[in-house]
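What Swiss-Prot records for this protein:
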- MET1: N-acetylmethionine (MOD_RES)
- LYS112: N6-acetyllysine (MOD_RES)
- SER130: phosphoserine (MOD_RES)
- LYS269: N6-acetyllysine (MOD_RES)
- SER382: phosphoserine (MOD_RES)
Amino acid sequence: MNEEYDVIVLGTGLTECILSGIMSVNGKKVLHMDRNPYYGGESASITPLEDLYKRFNIPGAPPASMGRGRDWNVDLIPKFLMANGQLVKMLLFTEVTRYLDFKVTEGSFVYKGGKIYKVPSTEAEALASSLMGLFEKRRFRKFLVYVANFDENDPRTFEGVDPKKTAMREVYKKFDLGQDVIDFTGHALALYRTDDYLDQPCCETINRIKLYSESLARYGKSPYLYPLYGLGELPQGFARLSAIYGGTYMLNKPIEEIIVQNGKVIGVKSEGEIARCKQLICDPSYVKDRVEKVGQVIRVICILSHPIKNTSDANSCQIIIPQNQVNRKSDIYVCMISSAHNVAAQGKYIAIASTTVETKEPEKEIRPALELLKPIEQKFVSISDLLVPKDLGTDSQIFISRTYDATTHFETTCGDIKDIYKRMTGSEFDFEEMKRKKNDIYGED
């Protein structure tokens, strides 16, 4: 270990593993360590089930009705991949897809007036949906056609809207959309967690709705994908990529000290040995003095023996509870997967509810989601701090990832990856850069 590296990475969360993979593909010498004996950090999938009980201090062993412990891979964070989103692009460009199998999530649902409705995924479904009345549907369709044709580089598609100046609120007004439809569009399609976006320039929102529509168009049932065997497979896929390009991996490595000289990182000490480096990437848990708390997320993992009611017995789905519906500032999310994804014993379902904490009683805040899941066989509650780096890391060359937020997709995580990449290299993140070199040594399939 007493060697000189270009980059040392601490923690094997998704952000760290993707950056480690990209740096290795770009010819950097990378050492990647984790204090845990497993991959994934905060974004791990826990197996066997007994380990989940231990992690959440639940007394006793899982009951026999839960089946074999090793049939379970339980994600600590609830996320899906947008079929046309940035993470899927990263997987395709790096060919990490060869190590993974995905399934399309069966449906996306939205909560309105105490009930859940399917988010329409085809024009026929939209016309039949009881989410909105007939005239509202016509106006909404006009709005969707406008969004589909919109191109921020072609003023002919603007129809009097200035993408950099016109607020999204004004665009909704232009199409005469009602409050329910605005809630549904902003939260179930554009996937905003709060309503702050209404007063921002509309370009970002329109592009988010386009991403949703394009993702949906790829597979038809919903815009979301989920990897077999759980989200923990994602960091492992990128770790394999890094290893193929000469990256060195060490799990179960206690990190004793990050060594800084004249304000700049020069190495990492583990088990009495020092590995030197020019740059360091890590998650917040390795540098508690360099991050600050900006909020909290509550997540409740629920084991069920039944699909969620009113989802047409879907074996996987997402439910969004828009904040307006439950008098909150932030949305509540539910992600549900099942034995169909090799993450649970036969006939069992895992539903994870999450939201940004707004009060002193987070468990009360998440109750509307838990009501939809009843009866719940076993639940595991966690409240995590949202941590962000105090500085950009350009002086110390210590680049710290953000903790995973309450959203149910990876678009914000990909934004963080691109941001760190730019700070580390001084150049914009380019998907082409991630392409495997044509004459490289391919990993075994």
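Note that Cβ sites are derived from N, Cα and C of the backbone, with glycine treated the same way.
Annotated features taken from Swiss-Prot, shown on the structure.
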residue	record	Cβ neighbours (10 Å)
LYS112	N6-acetyllysine	19
SER130	phosphoserine	9
LYS269	N6-acetyllysine	15
SER382	phosphoserine	14
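For LYS269 (N6-acetyllysine) paired with SER382 (phosphoserine), the C-alpha to C-alpha distance reads 31 Å. A straight line from the CA of SER382 (phosphoserine) to the CA of SER130 (phosphoserine) spans 35 Å. DSSP classifies LYS112 (N6-acetyllysine) as strand under the three-state reduction.
Mapped onto three states, the DSSP output places LYS269 (N6-acetyllysine) in strand.
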